[in-house]
């Protein structure tokens, strides 16, 4: 059947997203962290594009647009942080909120958008993707849930 033919590719895309999330947990370099986060989001997009459902395609398109705005903001903030500290290592940028509180506010907002909290566009997109994948094949919720759990 159709499910049996496409399921290995969907599992591969979701597994890639999960591994990218695991890699994010070990990152100390700021730009690498943002890049691996992007890889995990694109794994969700690939898995959803494979199933070709209207909700899935809408979710994939919304996630790509939202991710474009969010990752651009994160890379912009990473560059601003690098220009002031001359390092991209996360542990060396501690205490930055004391010197630049407004930058810390922007970091918080960009990171909250990246982890897809309501009412951001990322949340809507991930909700559409989750619904589409679950309706298409309920067993995909295992890897999808694992990936989303590690993202948050």
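Every residue gets a Cβ built from N, Cα and C, even glycine.
Panel annotation: around the transmembrane segment (6-25), residues 33, 36-37, 39-44, 46-47, 50-51, 133, 137, 140, 143-144, 146-147, 150-151 of the same chain, lying at least six beyond its termini, place a Cβ under 8 Å from a Cβ of the stretch. The transmembrane segment annotation in TrEMBL covers 6-25 (among others).
Across the domain 'NADH:quinone oxidoreductase/Mrp antiporter transmembrane' (7-147), the DSSP tally of helix, strand and coil residues reads 120 helix, 2 strand, 19 coil. The domain 'NADH:quinone oxidoreductase/Mrp antiporter transmembrane' annotation in TrEMBL covers 7-147.
Counting only same-chain residues 6+ beyond the ends of the transmembrane segment (32-51), those with a CB under 8 A from a CB of the stretch are 6, 9-10, 13-14, 16-18, 20-21, 23-24, 57, 59-60, 63-64, 67, 71, 74-75, 78, 90, 114, 126, 129, 132-133, 136, 140, 144, 147, 151. The feature transmembrane segment is assigned by TrEMBL to 32-51 (among others).
The transmembrane segment annotation in TrEMBL covers 57-78 (among others).
Within the same chain, residues 37, 66, 69-71, 73-74, 77, 80-81, 84, 123, 125-126, 151-152 sit at least 6 positions outside the transmembrane segment (99-117) and bring their C-beta atoms closer than 8 Å to a C-beta of that stretch. Look at TrEMBL and you will find 99-117 (among others) tagged as transmembrane segment.
The transmembrane segment annotation in TrEMBL covers 129-149 (among others).
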